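Undergrad: Take a look at this one; I'll ask things after.
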There are 2 protein chains.
Amino acid sequence: MSAADQERIMQLVKRILPDGQGINKDELEYLTEKLKNITPSPSEGEKPKKAKKSKLVLKNAKGTIDQGPAEMAIREELFDKIKAVFKTHGAETIDTPVFELTDILTNKYGEDSKLIYNVAKPEGSDESLSLRYDLTVPFARFVAQNKIQSIKRYHIAKVYRRDQPYMTKGRYREFYQCDFDIAGSNYAPMFPDAECVKIATEIIDSLDIANSRIKLNDRRILDGIFSACGCPDNLFRAACAEVDKLDKLPWTAPENEVSVRCGLSEECADKIGRFVQKSGAQELVKELLADPVLSANKSATEGLKEMSVFLEYLEAWNIMDKVSFDLSLARGLDYYTGVIYEIVMTPSEQDIKNAEAGTTVGVGSVAAGGRYDGLVGSLVGGKGKSNVPCVGISFGVERLYTLLKRKKEASSIRTTATQVFVMSGQKNMLKHRAAILNDLWEAGIPAETSYKPNPKLLNDLQSCESRNIPWGIVFGEREIEEGIVLLRSIISRDEEKVTRSDLVKVLKEKLAV
Amino acid sequence: MSAADQERIMQLVKRILPDGQGINKDELEYLTEKLKNITPSPSEGEKPKKAKKSKLVLKNAKGTIDQGPAEMAIREELFDKIKAVFKTHGAETIDTPVFELTDILTNKYGEDSKLIYNVAKPEGSDESLSLRYDLTVPFARFVAQNKIQSIKRYHIAKVYRRDQPYMTKGRYREFYQCDFDIAGSNYAPMFPDAECVKIATEIIDSLDIANSRIKLNDRRILDGIFSACGCPDNLFRAACAEVDKLDKLPWTAPENEVSVRCGLSEECADKIGRFVQKSGAQELVKELLADPVLSANKSATEGLKEMSVFLEYLEAWNIMDKVSFDLSLARGLDYYTGVIYEIVMTPSEQDIKNAEAGTTVGVGSVAAGGRYDGLVGSLVGGKGKSNVPCVGISFGVERLYTLLKRKKEASSIRTTATQVFVMSGQKNMLKHRAAILNDLWEAGIPAETSYKPNPKLLNDLQSCESRNIPWGIVFGEREIEEGIVLLRSIISRDEEKVTRSDLVKVLKEKLAV
């Protein structure tokens, strides 16, 4: 260490000592950096450390869970239903890596950026990486990087947020999102936007687990309201955040006026408050277009006119009973530029009973999205030709999963595809069991046998019953000699003799494969 | 900061200053910890930092790639075929988080542990996390943590290795593994082990992309050979590593004797060399069991006897033509305890031609695995009752993907499920297109229309042809008045009139959905 280094460290430390505050950021970094480069010497009497044989704690990383076979069976059913709707709308699928260059994720998520997981940067690496926080920004990066002009894609994958986990409410640090997005220029206004909402209703319908309400709004209308009510430009985002909290915190909470909370003038807060508590449909659009304050605002009128077109599609598709144009919907993310929407499950009677009993209500937002016309452009550094307008919707499936799981009886969940179980009441039959299995496997018939050398027939039969396996193949010395097996229906317990050479054919008929 | 803290920091820093070495590890940690808790004050004249507007570089993290729609279509076909085989064998599926507590992954991967990605540990977090390196260790953790006694599961998911990427050869830092494992005690010896190899042949057969060879060996036989040849215990692993390199580096490379490379005596290296270049089947097992040197070794005889049982299953399942018992197979991972195997694609004639032309040969290992009876036990801290013996196989799909992709003609890859495209030659027909689409979507018929307000009919028809969409629905003012549409076969170009009310029924018949 040089004399200058020593001098500098000494100075810094003298300043730390009085109150622990007299050091600035650069100085702290300098000192920390210096300390990193020091190879510590062993303490006196300290022996080189032996790897301590401490007991390993077996657990998941905080906020994450394993999915066992029963959970996976339900989850796959859920994904299959969601995928079927995406495919019905002609979507392709893509995949992107779990981590992105950190720069790509910067300035996209407002306050929540602090929840992003970073990857440790080993010595010699020049890349800063972060785990993806959502699927939208990686999608925009994919579109921009590959110079794609138009695409309709879905993506089902895990995202990562170092949020305070709330496991019983399904808030995890690793969770799936199912995203559907439409990117392209010169599209008929609001048609792709309306299709995203239509997809949400089709998915909720196909799951048949709860009722839902869809709230619609438009960032341009909100901005227009703020502007028309005299909110200064630099407070738009703060005002937006207050609107976003409306379901938890009333606009005029006693002794906690919104004007105090975010620095708006009382008059302005008051005006905004009158607007953002309105909801309705086409008649509200008309009312607002006729409003003397709003109608003078270009952003608001543009948003309102397109909202009307948007609602026309939803009317044509018969889903207006599930939808409301709701001025209190704001959405937290930075990148939305037009229409925004949120799908909220409404509590069933059972949910309300559970809530009264003190257990969690299975309601809340299950999907949300909107139009983000500037995101691709911002990644390529301009809004010119290389920009691609986008609109999309993202399903957070954890809540849907909980509802679907509740609907299923545990016993009805099958975790395997097994249709046939091969068994014998006699000893030393494993090679014969293996030979029969081979015929079934080669024919693509899902089949198993016990891995035990000499399993008990009764145990095998009970296992078939508890696992809902429909067919058993039973044999012993005599059947081998005769070249047959007994094909047993596990449900009816009927047995029929089938020759070995006919077995695959007979089973294929019974299973209709 | 307390007076005692101040005193201690002062003492430590005084000791740093003379030579930068007079501080031990605990003291360094203490000081670093203290510095972390200091909130720096701004420097004089320092302004809040403005985000510099530098141009964003759009690229993937090193060693990772995006999967576009065509890649995903092939990849999903690949996964579906692999899953179908796993399910035919009665396997369940599970999922585990992408990161594990770092301790769980420690001491599992030999030298390659340095390739593990770690997650940055933010202030205040007490968890060290690492991205999973394979699916085997997370599986063992899942079994141990949930006290599972027996399970047969598959898991298809991405794993992470900070290896030197080699993109054209399919070596990435993020890649999929498809794992199948059987865990349970008192199973018939070698039956689950042989099933894993059987599964490999079924998967390779179902993909129909190349020929394969399967190499088999057993860690106990290798260890027995080392021991019987006089290799000291502490050189087993080094000798094993040399065996593992046999396909790249001959045992007796000139001027680079194995004895020099890993410290074996010449005599011992010579003896081992004679064994590990042998391969064969049952006759080799017999030869080795009769070998005066090996037959005295308990580990080797145990391994050889079980190898014979193993081969009997493969004989019964008619796959001996693809298999060889190959003493040169070693496998690098620490956790194997018994039989090991590796599936290698053998080059086709086309591959050999490509190789002569200087392009990459699509051959090499596509799957590997073996028995790891101690891994679950090691996680629970003992080999007693809580241990669960396991055997499994892991497919690295990147190479299979490359082969499957090569087989497909680009034009035959369909990236969407779209069966019907709705179009009109006239203007202002979007709402009518939307209404027809709605009927098709509600019926689950995958359908699309152009997002353009007034697309050209010819462009739409060409798009159907290039995208292999089989049916078009064409209409104009006249058809609307008559309450019909024209249903057009894109291939034959035949058109038939269908009434709007019959449309869904007619299409369902044509598509057989």
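Each residue, glycine too, has its Cβ placed from N, Cα and C.
Just so you know, TrEMBL annotations are computer predictions that nobody has curated.
Feature table excerpt (TrEMBL):
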type    : residues                                                                                 : note
REGION  : A:35-55                                                                                  : region 'Disordered'
DOMAIN  : A:63-404                                                                                 : domain 'Aminoacyl-transfer RNA synthetases class-II family profile'
BINDING : A:ASP134, A:LEU135, A:THR136, A:ARG161, A:GLN177, A:ASP181, A:ARG331, A:TYR335, A:TYR336 : L-histidine binding site
Undergrad: Counting Cβ neighbours within 10 Å across all chains shown, tell me which of the binding-site residues A:THR136, A:GLN177 comes out on top.
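TA: Of the binding-site residues A:THR136, A:GLN177, the highest Cβ count within 10 Å belongs to A:THR136.
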Undergrad: I'd like to know which of the binding-site residues A:ASP134, A:ARG331, A:TYR336 has the most other Cβ atoms within 10 Å of its Cβ.
TA: A:TYR336
Undergrad: Check the domain 'Aminoacyl-transfer RNA synthetases class-II family profile' (A:63-404) for me and report the mean pLDDT.
TA: 89
Undergrad: Let me make sure I understand the span of the L-histidine site: among A:ASP134, A:LEU135, A:THR136, A:ARG161, A:GLN177, A:ASP181, A:ARG331, A:TYR335, A:TYR336, what is the greatest distance between any two Cα atoms, in Å?
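TA: Max Cα-Cα spread across the L-histidine binders: 21 Å.
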